[in-house]
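J.: So Swiss-Prot lists the following for this protein:
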BINDING   37, 98  Mg(2+) binding site
SITE      70  site 'Interaction with target DNA'
């Protein structure tokens, strides 16, 4: 990848990070929760958004070409366009994104990028740690980056602030385990990929 493209993407991520709003949402107030994930077959991406409202499940599948290679810390370029297209169909009080939020070297993981671009509350839920130190306090494993608590690890999952949420929201969500809407989005995206 050309240096000037990487430089441009870093500038974009820094701008996203400057526009993050950390504010309390209140998980108990969330009536419409959405989750988004993506699977790949070659250069084709299969993104799914799952919405749950009062026990009713809806989902939207979006398929498209993926033009950008996988480069760690720049996942958003590859995945966010299709994820946004999938999730934009729904009005969501909270969007859960398969990936990191502020627990990213430039505080600009895919959950943060999607949250800022859509001006929506987001939380990132990732299956591996990208950056930050793990510190246990009062039986909670925090992910700390530059002295700031930005997420938590529960089981094998890493939950982090995306946008328009705060650490207490992240903790409250994480206590419920791996979110159902993300489980479904993961399954549906993989099922769609297999059918093609």
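All residue numbers here begin at 1 and follow the chain in the order shown.
For all residues, glycine too, the Cβ spot is worked out from N, Cα and C.
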J.: If you count Cβ atoms within 10 Å of each one, which of the binding-site residues 37, 98 comes out on top?
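T.: Per the Cβ count, the most surrounded site is 37.
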J.: Run through the Cβ atoms and count how many others sit within 10 Å of the one on residue 70 (site 'Interaction with target DNA').
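T.: Looking across every protein chain shown, the total is 11.
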J.: For residue 37 (Mg(2+) binding site), name the DSSP secondary structure in the helix/strand/coil scheme.
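T.: In the DSSP reduction, residue 37 (Mg(2+) binding site) maps to strand.
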